[in-house]
Amino acid sequence: MPVAPESAREYLGSQFGLMSRYVEHLATSAISHGLIGPRERESLWTRHVLNCAVLGEVIEPAADVIDVGSGAGLPGMVLGISRPDLHVTLVEPLLRRSNWLSMVIEDLALTNVTVRRDRAEDVHDLRADVVTSRAVARLDRLTGWCAPLVRAGGRVVAIKGATAQEELDETREELVALGVVDARIAQCGIGVVDPPTTAVELVFGSTTPGRAPKTGAGRKKQKSKNRRRSG
Ligand SMILES: C[S@@+](CC[C@H](N)C(=O)[O-])C[C@H]1O[C@@H](n2cnc3c(N)ncnc32)[C@H](O)[C@@H]1O
């Protein structure tokens, strides 16, 4: 099994044992099922688990979290394990991945993590204080999917690489149109992971965010529907 760095033991405290079991699943069945590349095996603890666990630094106690595009549970499963106070829903559309996630939840007996097999944009009945994601889509597209899942005053927290600021600058207009009232970049895990994890935090206003405005054909369809209704 991949050897955990000392910082993992210190950082995770009482949750270290459970996280080690999750890493065992990542290093075995997640690789054999093609959810994680075999070359990632030696860096599971640093590039994946700790990189995601430190995101907990910007998530308030007992928050409801939706993780969009969880894949092998990154960052959602890691947050659910490292922070048992959170209630986490993993949204993942692919059957093989969502089945694997359910199997891990059962094996670890996690009562605060559930899986929803769906695309984020097709989820209409869930809202959370924080919507997380890593490596799923560019910020404007991702926010279009995530905004309807955020409670009024809540946040999207997306792990991004070194280009976070550039992506934020390029998409600012679209983000404002989607209801974002404040955007900032957080460095998480200073002294725990090197480099620290860069996260973009998008704060939504006090009114509930809606779906992305319809364009072209969608708008026309809606107009003619309205005409039929009023006629
Ligand atoms: C590159 S993987 C990243 C997985 C994981 N977040 C990580 O960092 O390792 C992207 C994941 O997003 C999922 N995905 C793609 N489109 C999605 C959508 N519209 N809604 C939710 N998940 C989506 C894919 O199935 C895939 O598991």
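Quick reminder: no glycine exception, Cβ is built from N, Cα and C everywhere.
According to TrEMBL:
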BINDING   GLY69, LEU74, ALA120, GLU121, ARG134  S-adenosyl-L-methionine binding site
COMPBIAS  217-231  compositional bias 'Basic residues'
REGION    206-231  region 'Disordered'
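Non-local neighbourhood of ALA120 (S-adenosyl-L-methionine binding site): VAL68, GLY69, VAL91, TRP145, CYS146, LEU149, each in the same chain, at least six residues away, with C-beta under 8 Å from its C-beta. Secondary structure from DSSP puts GLY69 (S-adenosyl-L-methionine binding site) in coil. Around the Cβ of GLY69 (S-adenosyl-L-methionine binding site), 23 further Cβ atoms fall within 10 Å across all displayed protein chains. Around ARG134 (S-adenosyl-L-methionine binding site), the same-chain residues at least 6 positions away in sequence with a Cβ under 8 Å from its Cβ are CYS52, GLY69, LEU74, PRO75, ALA158, ILE159. Listed in sequence order, GLY144, TRP145 are the same-chain residues at least 6 apart in sequence whose CB falls under 8 Å from the CB of GLU121 (S-adenosyl-L-methionine binding site).
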